[in-house]
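Asks: The annotation motif ''HIGH' region' is assigned in Swiss-Prot to 57-67. What Swiss-Prot lists as L-isoleucyl-5'-AMP binding site is Glu554. What Swiss-Prot lists as motif ''KMSKS' region' is 595-599. Under the heading ATP binding site, Swiss-Prot lists Lys598.
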Amino acid sequence: MNYKDTLLMPKTDFPMRGGLPNKEPQIQEMWDNDDQYRKALEKNKNNPSFILHDGPPYANGNLHMGHALNKIIKDFIVRYKTMQGFYAPYVPGWDTHGLPIEQALTKKGVDRKKMSVAEFREKCKEFALKQIDIQKKDFKRLGVRGDFNNPYITLTPEYEAAQIRLFGEMADKGLIYKGKKPVYWSPSSESSLAEAEIEYHDKRSASIYVAFDVKDSKGKVDSDAQFIIWTTTPWTIPSNVAITVHPELKYGQYNVDGHKYIVAQALSEEVAEALGWDKDSIQLEKEFTGKELEFVEAQHPFLDRVSLVINGEHVTTDAGTGCVHTAPGHGEDDYIVGQKYDLPVISPLNDKGVFTEEGGPFEGMFYDKANKAVTDLLKEKDALLKLDFITHSYPHDWRTKKPVIFRATPQWFASINKVKQDILDAIEDTNFKVDWGKTRIYNMIRDRGEWVISRQRVWGVPLPVFYAENGDIIMTKETVNHVADLFEKYGSNIWFEKEAKELLPEGFSHPGSPNGEFTKETDIMDVWFDSGSSHRGVLETRPELSFPADLYFEGSDQYRGWFNSSITTAVATRGQAPYKFLLSHGFVMDGEGKKMSKSLGNVIVPDQVVKQKGADIARLWVSSTDYLSDVRISDEILKKTSDVYRKIRNTLRFMLGNINDFNPETDSIAETNLLEVDRYLLNRLREFTASTINNYENFDYLNIYQEVQNFINVELSNFYLDYGKDILYIEKKDSHKRRSMQTVLYQILIDMTKLLAPILVHTAEEVWSHTPHVKEESVHLSDMPKVVDVDEELLEKWNTFMNLRDDVNRALEQARNEKVIGKSLEAKVVIGNNETFNTAEFLQQFNDLQQLFIVSQVEVKDKVKLKILIR
């Protein structure tokens, strides 16, 4: 008989190679056919719920690794909560309105001028739905489980209706109003922008110092003096109506070679240096506070207009002259201070950023091109003291990447100031994983101005506002709710298909329309109002969901985006935040921490990873990141991730192979009868389980990734599985020693598969399908292992032994390196005491020392110092 035939060798059909790109789709098809999402909900339907509300990605373009990071972590969370017994529905969503889809259609050759607005909007809808289908397929391929057959989409009639009703509630509370204010305006997209749609990039701008002659000194300054202002936007000089000084700052009238200039004393040296004044020729003639300068009149440099000197608290001595060029039509601070003095709001630009007839000599010029014309005219009028150029951080349109301007236009606003304190209080009641997350959104709300919610586009949800013949605004509870009902029945396109009168309640009348004629608002809502209404359109309308959600989790850019708009609308209408817990992740960079770009050739996309390596590799990579900050990915990083995966897979395969003849119902050994080494591993498993559960609870996936490797490498591969090979292969099939080890191996396999299931969703399912005698049809329909108390005394004893074993292994490794031995089984180890620990006495507690150390012989000597000899 062949000796090998007498061994109980491992047997399993579980393949060594994962073959994930081919195998995963088969597993996913099985899940779909079994309707596993519904089964998971049904299993926990009577249990407490956990609601993670999905922030809707934009329905345009292919998925990038940021999408993958976001959706995979959400899947970790929801799957874990489900396995912990929570009723945890996951409804994915999509954001579908806005400029990018309009631009995408234009690039495809759609000529919107050749069709009605309603027809163009239909094409936008078709495009968005196609994009959703593509992204949906890609999200599912990543192993993400959710109600993909019934997602929420911001363009659906029921969602739009909920959004309109929320708008109406805010209007009823006086939180919606129309006003002419300077707002971020994007000439490149011809629309206003919210703060969330602004990003900052470096821009080269003109830097000019301009002299304004005193026209009426009010007896406070010399009549031949000049105020000096500094600005980086020369094109706004035609809109200047005032010069703002701080009431409490000290100002000086300085004589410089016969010229008299007024600047803040704290900035006089900087101004002198900038303008090249000879310090010896500068003489301070008069001093005054900003308050004393109030109502002095200056003359506009080239227009027949007074520039009034006014007081403003926003003036600082950080830069400039302390005398601030003030154009209420082109600046928020300018507008606010201008209102106090009833100053005119001049904004002579059209939607494209081109000067109108009101711009006089600059008519027809693009604002940026007008900078030179303005400086030339200032020079001609001897008002330009200095022209230079600087590079500074400047607001840009986040979509077009082009500079934006402040421009006063009639817009619709949601009042932030009226509810700001309530929002800040709601933030205090919200839980955060990291303190800086709370600080970030708190400061953004605290410093936020009014929210401009109107957009001058067509692809979006219309503002449900009408106008009477005399211009009166009609925005009543009755009219808004009627529009909501129409949208719910027909969709928002009806707004563009019907006349205003047909959109109003039957028989509606208004004193401002004696002839019964009405017009409708042409602006649409900011897309952040769309997604920011999801707590109403989804959480409060879907029967399986509830308000507030337990968790919102998105990229860190959403502190100023979705997190921000959502809490604003929720507090305004419900008096509380829409989330109990707020969590965010960083951005995905390349292996060197650089932003990915096609030009650098460092772009990695989810589709590429899935096709080459498999979704489980992408998921394992996600678990290996410190996602709270920016994370890195590269081919090298993915290669290392694949190596870790192989180690995990091979360990699971080894355990599968060695429990093939084990039936837990009939072959298990009671814990009290297990060999001590097996009880030790069982307790280490319990420690590992408790730690892993705690890490899942705290969203600490990197800890799980590291501790899984540690448990597999240190406890299993380097010790227990190596130690147990002789027992598993050579001992009699039903021997107590073998069954004792199999009892623990089976428990390790079951628990580890469950603990890995939220991360390695496909591999865990594959392992489960090859594990004999499991009760649940899927690991994802099983429960997480329970956290139980450990035997601390036993662990302490064996931890001491394992430290000693590490010493032995180091000595064995040294002997191998010195060619004294080949394999450890060729070695005899002699162990003695050290000065503080009686090793010999301690080791008398252990049986099978040579097997535990995996050597041929162990000799324990008393009354000698610790020494490990290889013989």
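Note that Cβ sites are derived from N, Cα and C of the backbone, with glycine treated the same way.
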Asks: Within the motif ''HIGH' region' (57-67), how many residues are helix, strand or coil going by DSSP?
Replies: 3 helix, 1 strand, 7 coil
Asks: Round to a whole number and give the Cα-to-Cα distance in Å for the pair Lys598 (ATP binding site) and Glu554 (L-isoleucyl-5'-AMP binding site).
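Replies: Distance (Cα to Cα, whole Å): 25 Å.
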Asks: Could you pull out which residues elsewhere in the chain have a CB under 8 Å from any CB of the motif ''HIGH' region' (57-67), counting only those six or more residues past its ends?
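Replies: Residues 94-96, 98, 100-101, 104, 128-129, 131-132, 134-135, 138-139, 153, 555, 587-588, 596, 604-607, 633 contact the motif ''HIGH' region' (57-67) from elsewhere in the chain.
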Asks: Counting across all protein chains shown, how many other Cβ atoms sit within 10 Å of the Cβ of Glu554 (L-isoleucyl-5'-AMP binding site)?
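Replies: Around Glu554 (L-isoleucyl-5'-AMP binding site), other Cβ atoms within 10 Å: 21.
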Asks: For the motif ''KMSKS' region' (595-599), what does DSSP give as the number of helix, strand and coil residues?
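Replies: Split by secondary structure, the motif ''KMSKS' region' (595-599) comes out as 0 helix, 0 strand, 5 coil.
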Asks: Including all protein chains displayed, how many Cβ atoms other than that of the residue listed as 'ATP binding site' lie within 10 Å of its Cβ?
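Replies: The answer is 7.
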Asks: Along the motif ''HIGH' region' (57-67), what average pLDDT does this model show?
Replies: 92
